[in-house]
Amino acid sequence: MMPLQAPISPDWLALTPAIVLGVFAMVLFLLDSIDPDESNDGLLAGVATVGTASAMVVAGVFLLSGVGAGEGVSVFNGQLVVDGMALFFTFIFTSVAALICLASIEYLAGTDDIAGYYSLVVLATTGMTVMAAANSLATVFVSLELLSLPSYGLVAYLKNDRGSVEAGMKYFLIGALSSAVFAYGISLVYGVTGSLLLPDIASALAGGETLANLGGLLGVGVLMLVGGFAFKTASVPFHFWAPEAYEGAPAPVSAFLSSASKAAGFVIAFRVFTVAFPIETVAGTIDWVLAFQILAVVTMTLGNFAAATQENVKRMLAYSSVGHAGYVLIGLAALTGQGSGEIVLGAGMIHLLVYGFMNTGAFLFVAMAEYWEVGRTFEDYNGLATKAPVACVAMTVFMFSLAGLPIGGGFLSKYYLFAGAVGAGVWWLAGVAAINSALSLFYYSRVVKAMWLEEPNGNLGGIDTRGYPTGLYSAVMIAAVATVLLLPALGVFSDVAFEAANAVLRLGP
Amino acid sequence: MGVAIPLTMIAASALIRPSVPEQGKRAVYESGEVPTGNTRIRFNIQYYMVALLFVVFDIETVLIFPWTVIYRDAVTQFGLARALLPMLGFIGVLVVGLAWAWRNGAVRWVRSEHVPGQTAD
């Protein structure tokens, strides 16, 4: 699998984004070890932000300079592979993590163990970055756990808040269950194919002999893997934790989990299924495309209908993130072999990129509302625009972009997804997604209506007394500008994404 | 069939054995010790902290043992830097973690005032 001319030498330097993140996590630990009782919040937040942002810059430079072009750089005997998809997703994770670190300064003021918070965020991002490059089921599992364990701690970070602790508990229990299911799935796949490396699994299955003898066992294993991915991406049937965890967790952590952690679940799903189980080989035994079609339809419908009935804005966003997982599942569900798979898979990646900015921004706006203590329901947001017009413009951009109106990048990425689905011959999938999108406009516009058209309830005093939180406010603005700019500038990323998707799809024999 | 055999055996022995209830049979089995108190006591949180810190050394040992066995061969084959530096890096990460835990009071043995009748020895 080694390319003849390695584009970077020595080859482990291709992992620089992950190494940078790991080093910065260590620096945060050391800073906290020097004086655990006194913490300099600004310094810690600055170190975490600089660390994630520099990893983002490295990933961006690698992506544009073609380090991961083609089959990518294979590291540690093929356990990790740094290709276009790995770098693309690393860019998503690190940009979301940088926004989160920037936004957490004011939100966390007054809580203890702030160094712990930032080092957990950076460690979780390291885990995601390794996940994006994982090319064997062993590294997939280890990096998945490196993401999961800090996430449990982050959700329960507000130790004295009942909601936060309860959310952490539920997240941990469901996470432990799905990790167990996932590990069992890995063991079954290993038992059938005799390898953990994704390309080797594909070549073990290629003859058809293994499939004929042990197809049933493999089918059960693959279904269990689907369960593990469904947990990480908050898709049906392992989506129950999402509304609870997002509602109880500190709002920046909800943003982190619903954008970056979800994308991390998708990157391993994309890689494992397209590389290890090429659909043309395994279609007769376990038709995972059909499984993902069912999951996509159920997930987006359930997510959107549940979101439409919520009164609490954070819970509405949580269910909407379940719905968006359903849209992105089209990226796997439309790999029918008809049309061009790279458009479908690439569209999933692009949607996750845009979603990373618009959804993070929306959750950070909720964090700002919590900072101002305006309350949690739609009614509490009434008349917010009279006091904070600029922030409300940003939130309006996020809401309409999430709904798919041509005001932000969300319009184009959804368009790619639906067009890809139609091109792959699953027009009904695109139809269901379009209907769901139309429904989502209803509940997203409720937020906009409350902010701009309703009269204030008299709960907006916090804006005057507490003022604008600088870090949080600038993070929301950066996310809004990025969301809008992604509409005209999506071409840059879409070329990269289609190229990366093409490389991944061709890797399978 | 596999389920039926043990079930039959349990049912048969339940039918034919004599019933002799006595206190010794109902008591909790503590490997011959006389049980004291009930099971609903709260352990000091420190036990968990020490157990977690033990895991650090545990994993370290598991990975260092095979490394020491092949160390000489590895040095001759790949040179000192490639054989030694990754392990030093690994131990360095563990040391940072241990130092952080130490500084944050994970090894400071506190007595709990809330749990009556419990000593820390």
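Positions of Cβ are set from backbone N, Cα and C atoms, glycine also.
Residues annotated as domain 'NADH:quinone oxidoreductase/Mrp antiporter transmembrane' in TrEMBL: A:134-439.
Per TrEMBL, the feature transmembrane segment maps to A:12-31 (among others).
TrEMBL lists A:85-108 (among others) with the feature transmembrane segment.
Annotation source TrEMBL lists transmembrane segment at A:115-134 (among others).
The transmembrane segment annotation in TrEMBL covers A:140-159 (among others).
Sequence annotations record features per position, and here TrEMBL assigns transmembrane segment to A:171-191 (among others).
Within its own chain, the transmembrane segment (A:211-231) has Cβ neighbours under 8 Å at 144, 174-175, 178-179, 181-182, 184-189, 191-193, 205, 237-239, 241, 265-266, 268-269, 272, 277, 281-282, 284-286, 288, 291-292, 295, counting only residues six or more beyond its boundaries. Here TrEMBL flags A:211-231 (among others) as transmembrane segment.
Per TrEMBL, the feature transmembrane segment maps to A:263-279 (among others).
Here the transmembrane segment (A:285-305) has Cβ contacts under 8 Å with residues 211, 215, 218-219, 222-223, 226, 230, 235-236, 239, 273, 277, 279, 319-327, 329-330, 332-336, 426, 429, 432-433, 436, 439-440 of the same chain, all six or more residues outside its ends. Among the features that TrEMBL reports, transmembrane segment is placed at A:285-305 (among others).
The transmembrane segment annotation in TrEMBL covers A:317-337 (among others).
Residues annotated as transmembrane segment in TrEMBL: A:343-367 (among others).
Sequence-remote contacts of a segment are chain residues at least 6 beyond its ends whose Cβ falls under 8 Å from one of its Cβ atoms, and for the transmembrane segment (A:388-409) they are 320, 324, 353-355, 357-359, 361-362, 365, 368, 415, 437, 440-441, 444-445, 447-448, 451-452, 463, 468, 473, 476-477, 479-480, 483-487, 490. Annotated transmembrane segment per TrEMBL: A:388-409 (among others), in sequence order.
Annotation comment: TrEMBL describes A:472-493 (among others) as transmembrane segment.
The stretches the transmembrane segment (A:472-493) and the transmembrane segment (A:140-159) do not meet in space: the count of Cβ pairs below 8 angstroms, excluding pairs fewer than 6 apart in sequence, stays at fewer than three. Counted as Cβ pairs under 8 Å, contacts with the transmembrane segment (A:115-134) are highest for A:12-31 among A:12-31, A:171-191, A:263-279, A:317-337, A:343-367. Through the fold, the transmembrane segment (A:12-31) approaches residues 43-44, 47-48, 50-52, 54-56, 58-59, 62, 67-68, 72-73, 75-76, 80, 82, 87, 90, 94, 115, 118-119, 122-123, 125-126, 129-130, 133 of its own chain, all at least 6 residues removed from its boundaries and within a Cβ separation under 8 Å. Counting residues 6+ beyond its ends, the transmembrane segment (A:263-279) has Cβ neighbours under 8 Å at 85-86, 89, 92-93, 96, 127-128, 131-132, 134-135, 137, 140, 144, 147, 189, 198-199, 201-202, 205, 222, 225, 229, 231-234, 286-289, 328, 331-332, 335-337, 345, 348-349, 352, 355-356, 504-505, 507-509 in the same chain.
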